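Written below as structure tokens is the structure these notes are about.
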Amino acid sequence: MTPLRKTNPLMKLINHSLVDLPAPSNISMWWNLGSLLGTCLVLQIVTGLFLAMHYTPDASMAFSSVAHITRDVNYGWVIRYLHANGASMFFICLFLHIGRGLYYGSFLYLETWNIGIILLLATMATAFMGYVLPWGQMSFWGATVITNLLSAVPYIGTDLVQWVWGGYSVDNATLTRFFTFHFILPFIITALVALHLLFLHETGSNNPLGISSQPDKITFHPYYTTKDILGLFLLLLTLMSLVLFSPDLLGDPDNYIQANPLSTPPHIKPEWYFLFAYAILRSVPNKLGGVLALLLSILILMTIPMLHTAKQQSMMFRPLSQLTYWLWAANLLTLTWIGGQPVSYPFITIGQVTSVLYFITILILVPTASLIENKMLKWT
């Protein structure tokens, strides 16, 4: 008798995606990140839903409603900190997932890669709007500074900012619309994830060697389901350790002070996962130039497939490319550190040098290293 999972239309769909999916036999733990990102997304939607039941998106009550969730709601503090730190885990997995794609040449699957970049932008937008909702000092001033960047758009900039704000400053209208978009975007992200998987399953997964996976495949279940469960346990262990032992480690103390338009915090900075882009923004003295550099720091990922000059897909056997890759990774960490530092010497200079290096590595060093390797291997 044929199993139900192979005959029922709905079960058949799940079966082809999670059970009988042909997967390369040699994919490493770096391929676990997709399932971890799915777990993070589900966790964020569930915890966010419970938070939305108790949160009040009103400028006069938002801060108090978050305090009420933390103090009075049954396990409200767990839900709140799971949601806040879950976002951090989401971005850690996201950055590692992109890093894996860059290292092993997964960007050559163009549709999957481009939808992935759209997913990154949508996730960043969602996280930014979520950071505004507690209506603390850093929420308010972060929203003011980042939305104000739209004023750099020539001619229509000022009107654009006031349109986003819903007034002449960040106020109740801004908070309400940010809550609305923060609520709806995760569901749009879920739809994009389905598209991402649809295109991935058209080509099949890449593998560490960067060679065809067709000759040697195994079923996703039980081999990779077991492997994914191990990754899941490690993720939950890290997340619960953060939530239960040090829930405010990645947050900002200023956000425990209610938003006050008349008092500016000494150092306005976004959440840690935006610091690299914030550092690039601050490194350019011109406002419009800074905004363009900020956008390009993410959108440059779309040019990676065009800059691929190597004859091999993966970096596994390309030592020069590996060197440039790890230089870029170290540079990214330096930018993250710089983004959290005050705007003073020597941080300004370090920020400018690392920002220039960020673009030079991607646009010049990696393609050049690949061409040299082609010559060395006599593959030209």
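Don't overthink the numbers, they just go from 1 along the chain as shown.
Each residue, glycine too, has its Cβ placed from N, Cα and C.
What Swiss-Prot says about this one:
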type	residues	note
TRANSMEM	33-53	transmembrane segment
TRANSMEM	77-98	transmembrane segment
BINDING	HIS83, HIS182	heme b b562 binding site
BINDING	HIS97, HIS196	heme b b566 binding site
TRANSMEM	113-133	transmembrane segment
TRANSMEM	178-198	transmembrane segment
BINDING	HIS201	ubiquinone binding site
TRANSMEM	226-246	transmembrane segment
TRANSMEM	288-308	transmembrane segment
TRANSMEM	320-340	transmembrane segment
TRANSMEM	347-367	transmembrane segment
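Taking the features listed in Swiss-Prot, we show where each one sits on the structure.
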residue: HIS83; record: heme b b562 binding site; Cβ contacts under 8 Å, 6 or more apart: GLN44, THR47, GLY48, LEU51
residue: HIS97; record: heme b b566 binding site; Cβ contacts under 8 Å, 6 or more apart: LEU33, GLY34, LEU37, GLY116
residue: HIS182; record: heme b b562 binding site; Cβ contacts under 8 Å, 6 or more apart: GLY48, THR126, MET129, GLY130, LEU133
residue: HIS196; record: heme b b566 binding site; Cβ contacts under 8 Å, 6 or more apart: THR112, ILE115, GLY116, LEU119
residue: HIS201; record: ubiquinone binding site; Cβ contacts under 8 Å, 6 or more apart: HIS16, SER17, LEU21
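For the transmembrane segment (226-246), the residues of the chain that approach it from at least six positions outside its boundaries are 29, 32-33, 35-36, 39-40, 78, 81-82, 85-86, 88-89, 93, judged by C-beta separation under 8 angstroms. Long-range Cβ contacts of the transmembrane segment (33-53) within its own chain (Cβ-Cβ under 8 Å, at least 6 residues beyond either end) map to 69, 79-80, 82-83, 86-87, 89-90, 93-94, 96-97, 100, 182-183, 186-187, 189-190, 193, 228, 231-232, 235.
Cβ atoms under 8 Å from those of the transmembrane segment (77-98) belong to residues 30, 33-34, 36-37, 40-41, 43-44, 47-48, 50-51, 66, 69-71, 116, 120, 123, 127, 130, 235, 238-239, 242-243, 247, 250-251, 271-273, 301 of the same chain, restricted to positions at least 6 beyond its ends. In the three-state DSSP scheme, HIS201 (ubiquinone binding site) falls into the helix class.
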